Amino acid sequence: MVKSKYLVFISVFSLLFGVFVVGFSHQGVKAEEERPMGTAFYESFDAFDDERWSKAGVWTNGQMFNATWYPEQVTADGLMRLTIAKKTTSARNYKAGELRTNDFYHYGLFEVSMKPAKVEGTVSSFFTYTGEWDWDGDPWDEIDIEFLGKDTTRIQFNYFTNGVGGNEFYYDLGFDASESFNTYAFEWREDSITWYVNGEAVHTATENIPQTPQKIMMNLWPGVGVDGWTGVFDGDNTPVYSYYDWVRYTPLQNYQIHQ
């Protein structure tokens, strides 16, 4: 009888220990492997690569976005084109395009060759972003390059760390960005972000830098309720387009810093 109890005790202990080991191992896999991390790439947009990219839709963002994202508003055939068009939905007056990577990216150089829309009330962007909808438990971290269609001779840089923004910086380009393709970039390090225009460093931030891996994104949208920032969008101007020639990501350890 004593021997029987002893065997039962050993069996229960073995079962519990096995569960503990399996659980511990599974948690390690989740932390180490589940978040998909991207590597260096160059995207020419000759065709749509659904292994690298996802088109947004069908859903809406916050209240200042007067559009619903639709996948058909993103096309790629040598150039990637985002489009705003009229379409009254239950929530918004227009449909628009947004593209994002499937993988996450960390410190490095993020570059784009693009031509923004020159229409008041619109925002053309290239940025990185993550939040709780992108990965469970992630803070709202974001790094922005944005063009306001009301004045495409200027570019806006911004970033958010755990939802805290207020880091806007406007730079006068000396040319109209909507008239030709130019290269815009930011170098993201653990302790700084430096933005570039055609290879020239034009702004650096060093305070409260975001740390979380993020997805690379591009979108074009009409604003509403933020007229002081974007200007007023006139729907008679639709369709509206922004164009992207190429995108490149280079991990920090893989490139020489711009001089």
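Residue numbers in this text run from 1 along the chain shown.
Any Cβ shown, glycine's included, is placed from N, Cα and C.
Here is what Swiss-Prot records for this protein:
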- 1-31: signal peptide (SIGNAL)
- 35-255: domain 'GH16' (DOMAIN)
- Glu142: active site, nucleophile (ACT_SITE)
- Glu146: active site, proton donor (ACT_SITE)
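Cβ neighbours within 10 Å of the residue listed as 'active site, nucleophile', excluding its own Cβ and spanning all shown chains: 20. Across the residues of the domain 'GH16' (35-255), the predicted structure has a mean pLDDT of 96.
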